[in-house]
Structure formats: structure tokens, C-alpha cells
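Enquirer: Provided herewith is a single structure, encoded as C-alpha cells, for subsequent inquiry.
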Amino acid sequence: MRSEKSLTLAAPGEVRGPEGEQQDAGDFPEAGGGGGCCSSERLVINISGLRFETQLRTLSLFPDTLLGDPGRRVRFFDPLRNEYFFDRNRPSFDAILYYYQSGGRLRRPVNVPLDIFLEEIRFYQLGDEALAAFREDEGCLPEGGEDEKPLPSQPFQRQVWLLFEYPESSGPARGIAIVSVLVILISIVIFCLETLPQFRVDGRGGNNGGVSRVSPVSRGSQEEEEDEDDSYTFHHGITPGEMGTGGSSSLSTLGGSFFTDPFFLVETLCIVWFTFELLVRFSACPSKPAFFRNIMNIIDLVAIFPYFITLGTELVQQQEQQPASGGGGQNGQQAMSLAILRVIRLVRVFRIFKLSRHSKGLQILGKTLQASMRELGLLIFFLFIGVILFSSAVYFAEADDDDSLFPSIPDAFWWAVVTMTTVGYGDMYPMTVGGKIVGSLCAIAGVLTIALPVPVIVSNFNYFYHRETEQEEQGQYTHVTCGQPAPDLRATDNGLGKPDFPEANRERRPSYLPTPHRAYAEKRMLTEV
């Protein structure tokens, strides 16, 4: 049975036992790193003035943590008070201590913000596994380099990478970002303007020596009906079917008109900038595989490849020789080529997503959708069930009506979708009493179906929005960890002696590092790989 010693404080820097003999702090079992201590021995932990008392065997359950490892926690030991002192967040320590008492259950107190509690977890060194489990319980995305910005090792590549990838890094980088945004906007405007009737290449009335443009003058209904035809008339009224007899002069004329078109020239300048930017960023990126895994870089590739496909198609059409016969086959081949080109050029609209590289709002929206994929999947699944159910119900409810607008269940899918989403397009509607009842139930079910997952999506958006705001605010402050003595404490073989404790001098107080202060730093921490 262990006999407890009654200790009395004497002069600063010395501790006396029951017989009055002088003892060093290294004579205490706990202060000496736990050597020879009983597993049921208790110790006191002082968190910013709030004292906690627990057993050593409770902390020893996790020996790889700050409190569980005697060698790590010993530098916070105060021999004058015979306790450990931490100048940390007090409400968070309730959950930290419960982590040891419960054998690994980590729960954040409701009155502690998430970022503060994450900082406390890292300070007490609970480990990456506990941190990952806690983030998963909190609904956070796993950490994996999202806030860590890798940089190339070469100085020149590092400067180029910062210049084109991080607009906030310098003034020239902001200038390049502004130029990139302007080029993106010009490309989108050109994509929209070239579809106007005043500028659209129509190919009718080709008496001007090439492909004519649509006149802005109003035309009669008969000519408007003819405009809906997909046939094209080229140089001097030559139709696509007559190209075989007309030689390649019409194609040359078309090619010359295509390559001298103002829209094509502006588009070419935009593509030159996009290609230059992509190649520079690829040559300076720190990791080539990670470069192609980035969704933004994939969008950049998708934004420029339709131009080169269209350009290659036009060049091939100019160089190939048309046969003297088989005009019908050429007509069908050209119609197929035009259809493919329309689909390819439609991909140009995805250039608008390039703006998300320079917009925090679009990035937050993308992260919200990524984090809400499960809720969005449930929403689509519920809508699918509702569409099948109510389209079948309205079809059979309207089956006896001769004027029914629902000839089949697949035809009623459209009505069910616009009704459940509360759009109410109005092109299809029930006429019978039973059909109207089904329509009412469909609208109510649609409101409930859409309303259920929306709060989760809004919650994710708020989380990412506040996290982005907090990161911007944290970029303006530098946090200095408090509670660690400034000089390095070195443990002796027999424990901790008086020379190892600066608090055992006449000042009676440890020399702590300064409190958190404001530092006007705008940049985030960038790690070099």
C-alpha cells in the first residue's frame, strides 16, 4: 500500500518533503516522465485557470497524444503548483478529456466553433485518424490538399505558376486574371452574337460572289418558310447537290469567307490566349497528373478543342477534290458534317465555366453541389418515382375523354415533370375531374419532394460560404500558440531538475510567448513540393 507524502512549499525553486529534506522536481514520479508511478495516481491539468483532475491511466490509453505521452506533456508541468498548465480554450477541453475517458469518442461542444475545436485537436495531437473521424462526423469534406497549395521547386516555374494560378499573389497576377476574364467574356459574347439573323451565315441569295448573310429587312411568310429549310446555296446559286459539277470553286469561296469572317478572327484571338494560358500553366505546374485531374483544367481543354476541330474540318473540305458525280451522296455527307459541327460548336458554351477560376462564388457553388450529391440523387430518385406514378394515374384518369391531351404514359412524363417542379407550362393539362385530382396531388407531392432535401443543400452552402469567409479573415491574422515556455526544456536522467524549469526562479512565473497579435498578411501558406 502506497503512502502519500505531504509536500510543503519552501523557497522558490525547492520542494520539501515530510521530514523537511529538500527535493528536486525530478523526485516526483509524474514530473520524471511517469517512471515508477502508480497507474491510479491522479494529476491536475489547469486550462486557463480552470482545473481538471484525472488519473494517469486514463491518459495512458492514448500514449501517442500530447497528454498521453509523459515526454510531450512534461514541458507544460508547473512544479510550484504541481500541475500542468495550458493556456488554451477551456470549453474545448471538456471534449478533449472525454476523448480519453470514453476510449476515443470525440464530440464537439455546441458552444465551440468548428475551426477552434479543430485547432485544439491538432494542439493536443490526437492524431490524423481521430481528426478524420471527427471531420466525417461533422459532415466536412476530408482534408486532402484543398487548402494546401503546392508549388514547383524551380524558382522560375514557381513564379510563373503563381502568376497564372493564384491571382491574389501579386499585382501582375491580378492583371493577367483581369485579361483572362475579359477574353472569356468576349468569347461568350461572340458566341451569342453570331447567331443573330443580321450576322448568321445563311447561304441564300448568293449573288454577291460568296456566302450571303441574311438581310435585316422583313420578308414575307413564304420566304420565312423557305428559311426553315436546311439547304444551302453557295456561289452563284450552286446547291450542295450540284457541287460535283461545279468543281471546288464554291468551297474555296466558302473557305475564304469563313477565314476572313470577323467573328472567326476574334474567336481565333481568344483561342490563342486560351491555348497560351493552358500551355504555360501545364509547363509550370508542380504535378502533371494532378493537373489533368483538376476539373478546371478539363474545362479549359473542352473550351478550346471545338475550335480546332472546326478549323480542321474546314481545311479538309478545301483540300479534298469533289468527284464529278454522286451529288446526292455528297449532299448527305455534308448534312452529316454540318450536324456534327453544330454539336461540337455547342460545346463552346462551356467556356462560361472558366469564370469559376476567378469567382469565389462559383467555386462555393461547385463545392456545395459536390457535397450534396447524395441529396441531389435522392431528389432525382423521388422525382422519378413521382413522374412514373402520376403520369400513369393521369393517363388512366383521362383515358375516357376523347379530347385528352395524354395519348400515352410516356407523353404524360413531361406533364408530370413540369407539375411536380411547380412550373406548370400549360401545354398539357387534365380535363376530367379525376385528372384534376391527380394533378393536384402531383403538385403537392412535388412541393414536398423538392422541399425535403433543400435545407441540407442550403446548410452545405452556408458551411462552405462561412469557411471561405473565415479563411479570408484568418489570412489577415497570425495565431501564436500560447502556453509553451519560450526556452527549450531538457529532461535529465533523473527527471526534471531546477535548472530545467525557468519558472523555479525568483520571478515565480514562466516566460511565455506573446499573445495572438494581428499581422497584416494577405497570402495563405503555400507549401513547396
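In case you wondered, yes, glycine gets a Cβ from its N, Cα and C as well.
The shown structure was predicted, so the numbers you read here are calculated from the model rather than taken from an experiment.
For 1-171, 285-295, 359-373, 466-529, the entry in Swiss-Prot reads topological domain 'Cytoplasmic'. According to Swiss-Prot, the feature topological domain 'Extracellular' maps to 194-262, 317-337, 396-409, 430-436, an assignment based on similarity to another entry. Positions annotated as compositional bias 'Low complexity' by Swiss-Prot: 210-220. Annotation comment: Swiss-Prot describes Cys285 as S-palmitoyl cysteine. Taken from Swiss-Prot, the feature region 'S4-S5 linker' covers 360-373, and the record attributes it to similarity to another entry. Per Swiss-Prot, the feature intramembrane segment maps to 410-421, 422-429. Marked as motif 'Selectivity filter' by Swiss-Prot: 422-427. Swiss-Prot lists 500-510 with the feature compositional bias 'Basic and acidic residues'.
Each of the listed features needs to be described in terms of its position in the shown structure.
Expert: Proximity of Cys285 (S-palmitoyl cysteine) to non-local residues of its own chain (separation of 6 or more, Cβ distance below 8 Å) is seen for Pro152, Trp161, Phe291, given in sequence order.
Note: the topological domain 'Cytoplasmic' (285-295) comprises 7 helix, 0 strand, 4 coil (DSSP; helix = H, G, I, strand = E, B).
Restricting the average to the topological domain 'Extracellular' (317-337) gives a pLDDT of 59.
Same-chain residues lying 6 or more positions outside the topological domain 'Cytoplasmic' (359-373) and placing a CB less than 8 Å from one of its CB atoms are 139, 141, 295, 353, 453, 456-457, 460-461, 463-465, 468.
Through the fold, the motif 'Selectivity filter' (422-427) approaches residues 414, 443, 446-447, 450 of its own chain, all at least 6 residues removed from its boundaries and within a Cβ separation under 8 Å.
Across the topological domain 'Extracellular' (430-436), the DSSP tally of helix, strand and coil residues reads 4 helix, 0 strand, 3 coil.
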Enquirer: Could you give the number of helix, strand and coil residues in the topological domain 'Cytoplasmic' (359-373) as assigned by DSSP?
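Expert: The composition, in the requested order, is 13 helix, 0 strand, 2 coil.
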